[in-house]
Amino acid sequence: MAVERTLSIIKPDATRRNLTGKINAKFEDGGLRIVAQKRLQLSKAQAEQFYGVHRERGFFNDLVSFMISGPVVVQVLEGENAILRNREIMGATNPANAAEGTIRKEFAESIEANSVHGSDAADTAAQEIAYFFSGTEIVG
Ligand code: IDP
Ligand code: MG
């Protein structure tokens, strides 16, 4: 295994319910280190670009509206096998299918308002981190 970095977003359903600290505790308890973090209000253009891979999906417009419905917390998580590890800590996209103890099982409201985003592979992690952070903002 290697030390990796992955992009995480705490989504508006979670910031609205003041869950940032509880979610961060899941990452830290799961062996990941928060090496960069900032709270942002995404613009519509930013959300559309970030989720561009899903542009043709039926849920795209609703997803963009949801992601700009309140503040988000964007983060870089670092640790052994961080990309896969974070996906495990998050749980399945649909909270109905998420395992016990995962963030989405405990906190998600729906398949859309599912509390967290996490990069899905090394190439997307690098792109997504660069989308939100400059090198000097990440302190490992
Ligand atoms: P992921 O976040 O687990 O990687 P993706 O398939 O990449 O899941 O979908 C991105 C986001 O789009 C999900 O986290 C969720 O917010 C939303 N989404 C995915 N599938 C659906 C759906 O069927 N209906 C509504 N929203 C969805
Ligand atoms: Mg995804």
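Note: Cβ is positioned from N, Cα and C throughout, glycine not excepted.
These numbers come from a predicted model, not from an experiment.
Among the features that TrEMBL reports, domain 'Nucleoside diphosphate kinase-like' is placed at 3-140. Taking H, G and I as helix, E and B as strand and the rest as coil, DSSP gives the domain 'Nucleoside diphosphate kinase-like' (3-140) the counts 64 helix, 28 strand, 46 coil.
For Arg87 (ATP binding site), the same-chain residues 6+ apart in sequence whose C-beta sits under 8 angstroms from its C-beta are Gly118, Asp120. The annotation ATP binding site is assigned in TrEMBL to Lys11, Phe59, Arg87, Thr93, Arg104, Asn114.
Sequence-distant neighbours of His117 (active site, pros-phosphohistidine intermediate) (same chain, 6+ residues apart, CB-CB distance under 8 A): Leu7, Ser8, Ile9, Lys11. Residues or ranges marked as active site, pros-phosphohistidine intermediate by TrEMBL: His117.
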Determine the binding-site residues, out of Phe59, Thr93, Arg104, lying near ligand 1 in the sense that the CB is under 6 Å from one of its atoms, and give them in sequence order.
Phe59, Thr93
Proximal but sequence-remote residues of the same chain as Thr93 (ATP binding site) (Cβ under 8 Å, at least 6 apart)
Arg104, Ile111, Asn114
So the record assigns Lys11, Phe59, Arg87, Thr93, Arg104, Asn114 to ATP. If I measure every Cα pair among those residues, what is the longest distance in angstrom, as a whole number?
21
